[in-house]
Amino acid sequence: MAERTFSIIKPDAVERNLSGAILKMIQDSGLKVVAMKMIHLTRSQAEGFYAVHRERPFFDSLVTYMCSGPVVCSVLEGDNAIQRYRDLMGATNPANAAEGTIRKTYAVSIEANSVHGSDAPETAAYEIAYFFNALEMVG
C-alpha cells in the first residue's frame with residue numbers, strides 16, 4: 001500500500017550542492033517525489049518543527065544548524081515509504097551508517113547528517129502538514 005513520508009535535505013548537503021544527488025538516490029530507490037520546496041527556516045519555524053526535542057540538550061544547536069542555510073523539503077510516496085526512506089538514509093550517526101546509504105555517502109557529522117526523515121505514520125502526517133498543504137502535492 002502506498003504511503004507518504006517527509007524528507008528534509010539539510011543545510012550541510014544543500015550548501016555542498018548535493019540536493020540533486022540525494023534526490024537521485026531517493027528516486028532510484030523507487031520512491032516518488034510528490035511535493036518539493038526549498039526554504040530557509042526561521043528560528044521560529046525550526047523550533048516549532050523540532051518541538052518534540054525542546055527539552056533535549058541538543059535542541060538549541062539543532063535549531064541553529066537547521067536555520068544556517070536553505071533546506072529542501074519533500075514529500076515522498078511509495079509502498080512502505082517511511083521504512084524504505086529510513087533504510088536509505090542510514091543510521092543517524094554517519095559513522096554507524098551502512099555503505100550505500102545517504103548518510104554514509106554524504107554526511108559530515110551526527111548533526112550535519114545531510115537528511116531528515118519521518119520515523120512513523122503519525123510524525124509523517126505532522127511533518128508533511130507543517131510544510132505542505134494538499135494543493136502542493138501531486139499524485
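Heads up, residue numbers simply count up from 1 along the chain you see.
Using the three backbone atoms N, Cα and C, a Cβ is placed for every residue, glycine included.
Swiss-Prot has this to say about the protein:
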ACT_SITE  His116  active site, pros-phosphohistidine intermediate
BINDING   Lys10, Phe58, Arg86, Thr92, Arg103, Asn113  ATP binding site
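Overlay of Swiss-Prot feature records on the structure.
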residue: Lys10; record: ATP binding site; CB count, 10 Å: 24
residue: Phe58; record: ATP binding site; CB count, 10 Å: 12
residue: Arg86; record: ATP binding site; CB count, 10 Å: 17
residue: Thr92; record: ATP binding site; CB count, 10 Å: 13
residue: Arg103; record: ATP binding site; CB count, 10 Å: 23
residue: Asn113; record: ATP binding site; CB count, 10 Å: 22
residue: His116; record: active site, pros-phosphohistidine intermediate; CB count, 10 Å: 19
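Asn113 (ATP binding site) falls within neither a helix nor a strand when secondary structure is assigned with DSSP, and so counts as coil. Taking the Cα atom of each, Phe58 (ATP binding site) and His116 (active site, pros-phosphohistidine intermediate) are about 15 angstrom apart. Cα of Arg103 (ATP binding site) to Cα of the residue listed as 'active site, pros-phosphohistidine intermediate': a span of 10 Å. Spanning the listed ATP site, residues Lys10, Phe58, Arg86, Thr92, Arg103, Asn113 have a farthest Cα to Cα distance of 21 Å.
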